[in-house]
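Copied over from TrEMBL, here are the features:
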type	residues	note
BINDING	9, 84, 87, 112, 113, 169, 210, 235	S-adenosyl-L-methionine binding site
DOMAIN	1-190	domain 'Tetrapyrrole methylase'
Ligand SMILES: C[S@@+](CC[C@H](N)C(=O)[O-])C[C@H]1O[C@@H](n2cnc3c(N)ncnc32)[C@H](O)[C@@H]1O
């Protein structure tokens, strides 16, 4: 049996009781922290709470060579992931591989950043369009910096329908956790190249450390927000589209947004 368990958002206590029971009962416990991670804890603290050794898996172990899956043929295996295990991950592939090997699978859900963002900002979940991800720029073979324009295009398309865009930020082994500040700078660089008015007049909302005692939620014009100190990771960004009156009020009152946001009410 392979049990996918979402760990929630911030520390070892965010796991559900059902998840905790399943980890305690497991013969083997694996975890991946490259799609997301819990910044308020460490593997050692998790192991203490679970009373189990946690084997850390790389992207390679999960997506290309999941040899460890074989253990789930005759043992109870728990596979842990930050947030909800199936939200903005490709772990359905792992589940399908397991099922093809004749291994039974089940899911134990965890709180996800996708729902936390609606809760913290007041932006309604059903008014979001397609999500985007911002990767770190890379160097082309000619040695020039290449910035992905895909997130800019996704924001542009969602905005044309009045929809909000949730923007996931890169987690890179070498470069670290991308901040809201870097993400906004990259989007504004694309704006100055393309000049289509998607970001320069946009209000954005940055969120840091959802699930912690003191999450930071700050709304403002992209240009102003790019210098704001959001503190430690993880960070995520939202670019709102048209706003319902209550959403606009929440951004002003709960996210310290500029009063002009009220002009964006549909
Ligand atoms: C690829 S998504 C995976 C989402 C995860 N499976 C979930 O359900 O929450 C990971 C990205 O979401 C954002 N994120 C995840 N947890 C967060 C948190 N607690 N606070 C702020 N941003 C977070 C970061 O931008 C991070 O790089």
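We number each residue from 1, going along the chain as drawn.
Note: Cβ is positioned from N, Cα and C throughout, glycine not excepted.
Annotated features, which come from TrEMBL, shown on the structure.
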{"residue": "9", "record": "S-adenosyl-L-methionine binding site", "Cβ neighbours (10 Å)": "25"}
{"residue": "84", "record": "S-adenosyl-L-methionine binding site", "Cβ neighbours (10 Å)": "25"}
{"residue": "87", "record": "S-adenosyl-L-methionine binding site", "Cβ neighbours (10 Å)": "20"}
{"residue": "112", "record": "S-adenosyl-L-methionine binding site", "Cβ neighbours (10 Å)": "20"}
{"residue": "113", "record": "S-adenosyl-L-methionine binding site", "Cβ neighbours (10 Å)": "22"}
{"residue": "169", "record": "S-adenosyl-L-methionine binding site", "Cβ neighbours (10 Å)": "22"}
{"residue": "210", "record": "S-adenosyl-L-methionine binding site", "Cβ neighbours (10 Å)": "23"}
{"residue": "235", "record": "S-adenosyl-L-methionine binding site", "Cβ neighbours (10 Å)": "23"}
